[in-house]
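Notes for the one structure printed next.
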Amino acid sequence: MGKATKAPTWNCYWFAFQLALQLLFGKQAFAQIRYSVPEEVKDGTVVGNVAKDLGLDITSLTDRRFRVVSGSKEAFFEVNQDNGALYVHRKIDREELCQGRTLNVSVIVLDSNDNRPMFSQESYEITLQENVPVGTTIFQMNATDPDEDTNGEIEYSLGNTLRQKVYDIFELDKITGEIIVKGMVDFEENDVYKLDVEASDKGAPPLTGECRVILKIRDVNDNPPEIEITSLSNTVPEDSKPGTVISLLSVTDKDYGVNGKIILSITSDGPFELKPSYKENIYSVVTKEHLDREQVSHYEIIIIATDCGEPSLSTFKTLSIQISDVNDNSPQFSQNPLHFYLSENNVAGKSVFSVSATDKDVNDNAAILYHIVRKGSPNDVLSFLNVNSDNGHITALKSFDFETLKTFQFQVVATDSGAPSLSSNVTVNVFILDQNDNAPVILYPLSSNGSAEGEVTDHSLFGLDRYTGQIRTLRSFTETDEAEHKLVILVKDNGNISLSATATVIVKLVDPEKTSTLPLQSFCLGFLSR
């Protein structure tokens, strides 16, 4: 009986491989990968591509020492470090090899520092307010590194190509990545800072990632306006026309935008105003009215510059303006005409009175000279008068006599020393006052002038009216009376110091035959007191 033959059949036995990846520095990461392989396959048969299935970089397998480190005692499997393939290294007999259906194979991949730290962005833009307090953290950098252990430990630093000012104002914490303010942040000094930040791992050799941090500084109204006086006329003539430029000003503000916009104003009660120039922030101070030094000779002009920030800041400048004199005022006498009373018999050559004028101007414009307006003949009374040109004292060169001149008039001119000079004149009326400098004079015949008083020596027969000068008999003459009587008449005036004169009157009796007793007689004496 023949043996039945059976067609030969292949029994396929499947092995499941569990792979473990071990990194370079010993830390293990496990991934479950299952491969099935028939028994009795030839050596070199590829089971699967471990590198591809695990997402490994094929180019780094050799450096990372990619290999099979665990499995059975016999090396049934190996990996190709060039392409990452897992292949059969020797013949596999399932019945001999294992009781179960699965063979565990561990593949360990050791880490290599092949990843540099990476920032989430290539550049960061941060807005920072100026004058931020020192010690303020303004931003924290964050970089990542997929490597492990020291290969993935990161330290931060600022690039070494930055300006020194950046290092003076900002610092970077190498561990936390915090950017910290260490100096004064001033918008007016710099409105943008560019920081190159580096993140380096601790691998051997270390790898570095870079990014740029752009710090934009926001302006704060921390600077008051500045006023610069580019031109100033401290002294201004009072005859300057309206619109005359007194000073040129320029104003600046280091701040930006509305914080740097300036409003200029002037505070003064004087005749001045601000005029803007065609150039921005350039102004001129000009006169807006006529000046009068005699009313106001000095002005203090305050210029105020205020910015438009919130809150606003202001500054001011004071301009001291002196108004210089112009000869626009003539000398003036206090009154016109002037009246002077002069006693006769004045001492010749001495000052008898003075005239004085004033001038509102100053210096030479107010220096006054006097002179008398002379007219007429050399024998005119004015020829005997002289005026001191500097002080106005008037001197009489002769003594005046009331009995010959009782009043006269002349004019004095006051002229200043300005250029051109101005003058004014005054009329002077002089009245001569009488002094008791003449004794009474007895006139014959009778005169009605005079104010003298008289006395008679024989009071029994004759009487004298002291006011009228009438001599009269007090009784009738008798035969016993003498035929001739001598009367001494004393005449005195009424001056403070009275003056007197005497006169002898001889009275003769006539025609005695007609009667023994003469009737009462009277006659008058005339007296003159000069």
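Cβ from N, Cα, C; glycine included.
Sequence annotations record features per position, and here TrEMBL assigns domain 'Cadherin' to 29-117 (among others).
The domain 'Cadherin' annotation in TrEMBL covers 120-227 (among others). The domain 'Cadherin' (120-227) scores a mean pLDDT of 93 in the predicted structure.
The annotation domain 'Cadherin' is assigned in TrEMBL to 228-333 (among others).
Taken from TrEMBL, the feature domain 'Cadherin' applies to 334-442 (among others).
Per TrEMBL, the feature domain 'Cadherin' maps to 442-521 (among others).
The signal peptide feature in TrEMBL is assigned to 1-31.
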Structural state census, the domain 'Cadherin' (228-333) (DSSP three-state): 4 helix, 56 strand, 46 coil
Helix-strand-coil residue split for the domain 'Cadherin' (334-442), DSSP-based: 8 helix, 49 strand, 52 coil
Residues in the domain 'Cadherin' (120-227) grouped by DSSP into helix, strand and remaining coil: 10 helix, 48 strand, 50 coil
